[in-house]
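*Asks:* Just passing along the structure, written as structure tokens.
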């Protein structure tokens, strides 16, 4: 019994020691939690510093990659190292978050729970121990009393001995029960103490796992640093990659000269200089002024010479006295240095203009600046551009009327000393032969020039492939001058074209400024682009209304008269600025065409085509030996007046000029054959418009081959006289009243 009591005392002491240890561990846990919180704060700061460090590290790696001295291998290795460090930084961020979320916060909560659990365990143990001790003490007291009583009874009968033995056994059992109770209390205390550390390990595991992952990324740095050590082992020796930089530089056009922006246009140069002077240094070095077979020193329309040369003399580039273009806003064209119509980067023979009022007829007047301003007519050439060959006389009455309204002469060489016009250059057979390698009759050149010069029109939905049409600038005034725009003109609103330049019989016209003759025109090459879509040449002055219907001309107008409805603008006469909105979708003026009648059959009247039509020359080499020549001389779409072909009309019969009859008689023989072949070609005229006219089935695919054939023998036929008179008479334009100021409109 005493031994059991000692055992119970020992167990009770052990339990109490365990409980005391648990209670004394709380400050340690709390200190650990505090230090972990500080570590988390420092790790967050480290993460932010690592991010900034790695950003700077990446810049160094990029610099190493792009620098010529450091090879790409070094830059690539540094980039890989930076990537690994960024991965380490990511894992460090994860470790920091796990430290707070998985360890610090849960441990702080568990410390409070541990305190409560230890206190409760101590209370329970004390209660059980007191109860067991009380029972043992009571039973022991009863046993002592029974022993005393048994001693007295020993002298007597001895009846109390069994009771005493039973009481002693009960006391022993109580001590054993107390011992067992103490053991259970100690076990609970040990489990509680152990559970705390188990919980701590559970909280610590995610933190350590994140740290291991972070440290696992560090192992990849070993290979990267080994590569960098090898790449940078010999800093004083260039590797092959650096030697390749020197090899690559050899043969390349590497220059340190900085390109300056184009200079602003000056008063003595074209307005196009602001957009055309950038590559002009190369054009000036490529010989833009080489003489041409025609005999005139001209400027090529090719890509090498299509920009204004910087080396042009300042004395010959005086600004035109009138810079007003009737339809384009302004002229921006020098009299002697004129930009070719189309800046397409093609060869010299295929560089053509497709302006709405300009054609490819004159082969000798190649570099004439054709502006719509009164002082720069198409027949006025510069001093260094005098053409060779005969000249085509212009209508003198128009010249005289034009001189009355013109200001002083423009740049040097444009006008004579007396202010009179230089004679108009004729496209001579020699010049054509020089261009095409064959001989062409004067009649062919005259007829082709007139048809292409005066009646060449373009479709409304055409898209020009030249720069000046979309930029607001105009290389040469390629729109008809018969429209009064915001910029005033010193001429009438009408124009008429003729073959021989004879005077009109129905009132003297006041000017003739819309016959644009381009420079360097190889007519045969432009024939290939007949069916290509082209853009209108001007941004203003073109009709916006639909094409006239098949009802024909107004009843009050003669059959060969096209009415243009224009009224003077009420806007102030200010120069139009460059518009950034792009070209206005407008339609060029249309001239009516009548199907021709072959002169060999005088009684034949071809089908009349009222309204506006265009004819495209096509070649029938078996039936017309001159057709290839005619197609070369006039490859563009030609519009003919509806009275130019067929039976003579009263206007055509009574219209010959005073000085043109003799010349007409001389050229009738040669022209008749041309007219006959031309009639066959015009018979298949290409209808113009957006489905407003039926397309004739007689027009087959436009041939692309242009086989030169010798001109036919001259023949003479009287019916050709009236037709040529009608051709020479041209189209008569009349004034009508309208509120439309955008473009001439053919009714």
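Glycine too: its Cβ is placed from the backbone N, Cα and C atoms.
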*Asks:* Of the residue ranges 85-109, 110-134, 135-159, 160-184, which one carries the coiled coil annotation in Swiss-Prot?
*Replies:* 135-159
*Asks:* From the set 634, 649, which residue is assigned the annotation phosphoserine by Swiss-Prot?
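*Replies:* Per Swiss-Prot, the residue annotated as phosphoserine is 634.
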*Asks:* Swiss-Prot annotation phosphoserine: which of 252, 280, 612 has it?
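*Replies:* Record annotation (Swiss-Prot, phosphoserine): 612.
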*Asks:* If Swiss-Prot marks one of 321, 367, 639 as phosphoserine, which residue does it mark?
*Replies:* 639
*Asks:* Check the domain 'IMD' (1-252) for me and report the mean pLDDT.
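*Replies:* Across the residues of the domain 'IMD' (1-252) the model's pLDDT averages 87 on the 0 to 100 scale.
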